[in-house]
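Copied over from TrEMBL:
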{"type": "ACT_SITE", "residues": "Glu147", "note": "active site, proton donor"}
{"type": "ACT_SITE", "residues": "Asp294", "note": "active site"}
{"type": "ACT_SITE", "residues": "Glu388", "note": "active site, proton donor"}
{"type": "ACT_SITE", "residues": "Glu406", "note": "active site"}
{"type": "BINDING", "residues": "Thr492", "note": "Ca(2+) binding site"}
{"type": "COMPBIAS", "residues": "856-865", "note": "compositional bias 'Low complexity'"}
{"type": "COMPBIAS", "residues": "866-891", "note": "compositional bias 'Polar residues'"}
{"type": "DOMAIN", "residues": "689-775", "note": "domain 'PA'"}
{"type": "REGION", "residues": "849-925", "note": "region 'Disordered'"}
Amino acid sequence: MSEAGGALGCGSPVPQRAPWNLVAAATALYLVSATSVWTAGATPMNREEKQKLGNQVLEMFDHAYGNYMEHAYPADELMPLTCRGRVRGQEPSRGDVDDALGKFSLTLIDSLDTLVVLNKTKEFEDAVRKVLRDVNLDNDVVVSVFETNIRVLGGLLGGHSLAIMLKEKGEYMQWYKDELLQMAKQLGYKLLPAFNTTSGLPYPRINLKFGIRKPEARTGTETDTCTACAGTLILEFAALSRFTGATIFEEYARKALDFLWEKRQRSSNLVGVTINIHTGDWVRKDSGVGAGIDSYYEYLLKAYVLLGDDSFLERFNTHYDAIMRYISQPPLLLDVHIHKPMLNARTWMDALLAFFPGLQVLKGDIRPAIETHEMLYQVIKKHNFLPEAFTTDFRVHWAQHPLRPEFAESTYFLYKATGDPYYLEVGKTLIENLNKYARVPCGFAAMKDVRTGSHEDRMDSFFLAEMFKYLYLLFADKEDIIFDIEDYIFTTEAHLLPLWLSTTNQRVSKKNTTSEYTELDDSNFDWTCPNTQILFPNDPLYAQSIREPLKNVVDKSCPRGIIRVREESFRSGAKPPLRARDFMATNPEHLEILKKMGVSLIHLKDGRVQLVQHAIQAASSIDAEDGLRFMQEMIELSSQQQKEQQLPPRAVQIVSHPFFGRVVLTAGPAQFGLDLSKHKETRGFVASSKPYNGCSELTNPEAVMGKIALIQRGQCMFAEKARNIQNAGAIGGIVIDDNEGSSSDTAPLFQMAGDGKDTDDIKIPMLFLFSKEGSIILDAIREYEEVEVLLSDKAKDRAAILKGKMIPSYIINSNPEMENEEQPSSENDSQNQSAEQIISISQAVDLVDQEAPEESSLSSHSDSSPADTDNAASISPAEQTLNPMENQEPTSLDGECTDLDNQPQEQSETEEDSNPNVSWGKKVQPIDSILADWNEDIEAFEMMEKDEL
């Protein structure tokens, strides 16, 4: 997500004024920044230090962009762990996440205007030539309309905007004749068939070559889309119309926005997460400012800034009043039900809401922006990154972090509005964390689990499009940028559109379609015009006074104390609704209450209890709402009970030359042996046991003595393997899955159970690796013979690994090298029958309007058949279980608008490349080339460490 470069002008709730002066609007925020005071107590950062941090951002961008161009281009994205490109159809499908990939060199297009912002004009010119020469938009690929719009269409328009700016300056791009704009127009026409619905809302996906509904299109049968998917088109489509004079694009985007506005819930003025594109019925009726809705609100306000249409501001202000009335619970932003907005829909928040403080800056509502931003910063300081989702008491809910830029975006705009050097220090922390924990030799790798520091083999295009742009602008002075950034507005993907488009090709009617407003709190609109007297009272400690109470909110939070209970007043004389924590299946009164709420209780043959709600069977709509809340509470309660029984994932960190702790593998824990969360990590060289399955006395005890033994899964109990290697003198054990090609990317982790006997005799730590992760260690042994690893509860700081006694001096002084990691196999071996037991701790609950359970939590497998999870009992007979009522398609945190569950699919889709001029095969890098890359990268890393020390 991103914010506009400018701010709003003064206006009443329904402004009646002269034509909008967009240039003045663009400079308003800069004036706020220039005239505001910074917080006393925060030491101003001098020009030299800011310049040093800006240069560090440039170096980081070069590292990411250079590795993409060398190892991945013309593929859509870089896979930084295996140093190759991600090509649709050649890698296992990741589900909806892959809908952003269209074989159109996504990362290059998404990075075009970033190159200009970072003053890399020569590289920009070269990149534009590559796009014009190599990119084909006519591929037989099904892509997301939303992602293609914000990343590709937005990238082409942003590149065109800055290409004509550079051409006017007279030094670069003199040959340019609107070629990027013509590509954007071609893509725009390819997206238009998606709008062929009765509502005007677009289909969520389209085939670039065949469009919608045709048999060869393989799409067009969808019925639902997310609000953000349909409501995040107006900036790019209107800009395309204004640039080209073809009004059809702006007309279609406006029609979609008009329909969403008409379908808002009239009493609450909120919108749901997903909507039926044919009927306009809300499919998911929860509402928030995060995934699935976020950029809809953003584009209403920015459409007003870019296009000068008062109706967009009126709509935004109406929604914003509802957000602050129902969703905002400072410093939290919690989802509610659109029909009953005093009732919370969930007790966790997703990472995408981190854009909202920046949008509040654009709105001019600074105080809640400071509060929410500070809360998010405290979460980051605890986990190094913002988890994909976290609970109201700031525990990790989803542990992934795909290097999202939204928090950096809000940090930049808060600094622009306040001039407070505190936000420069926040930005410095972000840079340090990226370099310490996410930087790998071939780029920057997403975090698979922020708790362990393990990596995922992905570097999304938005990382280059947004993160480096905002971080560079945060530390840059006006003279560091070769053009005036205040003349542009940022799209949600941080692409730049010029504000002068407001007066160009205005052929679309701007009649006021906004109607049927509820009575609003007029004080809300005092914030429409941000000025220093309102934003910053005379007290120079104003911003600090807002942040100070939140400094310890994460460490000292109480799960129930920080949230106010969000329920309407109970009916006069009525009893409070039944709470899940009080429910007893043997209590006749409780069963009667369940029946009244439309909740059925079914006793299963295996002793479990199944709860199912049918709202239509409830005694009243109020009872139906109470039933839904009861079911949601039961899900939370069940999840909490299971989390208390499970162990978090662990980390295996390769610390020997040439890895130096930069490769972190996600590992499953054991219910026996040394608990790594309570004891110091175990460090040692690895050695394979003989026999490899570890099911009998080892024949090579001298090889594993004092080392960490590698054992293959299968043939006997985990505890038996542990005892055998412990008797041989091993200091730890790593069990590697015997199912070839298995990976933590595509299979849930689990914990290894004991053998039903007393396991107190096992004193060494035991961890489990899937085949792909295990092969990385085995390949390293073949290449380097001696490989040292660290077994711990989470990855350790690389600086600590590289200094002091933790690593021999001959390793520090040697030339760093690195091999190419083994690619996961797509073939599965026949699965051996085994007597090993794995305890089930998976979450087996799902409901209508409920997202899937925590993806990063450990799951269960039947060891005799690793792919079969049906035999795993998710909850003991004494516990309550909720079974799914119907399948929902939740909203993704990836690109704001696809599958939140994000569970990888086993099948791969194969698609033909329709551009014969570009080689889409995997780039197989010679080992010498990869070693050279590692040499260069690790030398740079060591220099960076010296600078930090």
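Each Cβ is built from the backbone N, Cα and C atoms, and glycine gets one as well.
Recorded residues the residue listed as 'Ca(2+) binding site' and Glu406 (active site) have their alpha carbons 10 Å apart, per Cα-Cα distance. For Asp294 (active site), the spatially nearest entry among the active-site residues Glu147, Glu388, Glu406 is Glu406, judged by CA separation.
Cα of Glu388 (active site, proton donor) to Cα of Glu147 (active site, proton donor): a distance of 19 Å. Put simply, Glu147 (active site, proton donor) is 16 Å from Glu406 (active site) when counted between their Cα atoms. Neighbour count (other Cβ atoms within 10 Å of the Cβ, all protein chains): 27 for Glu388 (active site, proton donor). Residues of the domain 'PA' (689-775) grouped by DSSP class, helix first, strand second and coil last, total 19 helix, 15 strand, 53 coil. The 10 Å shell around the Cβ of Glu406 (active site) contains 27 further Cβ atoms across the protein chains shown.
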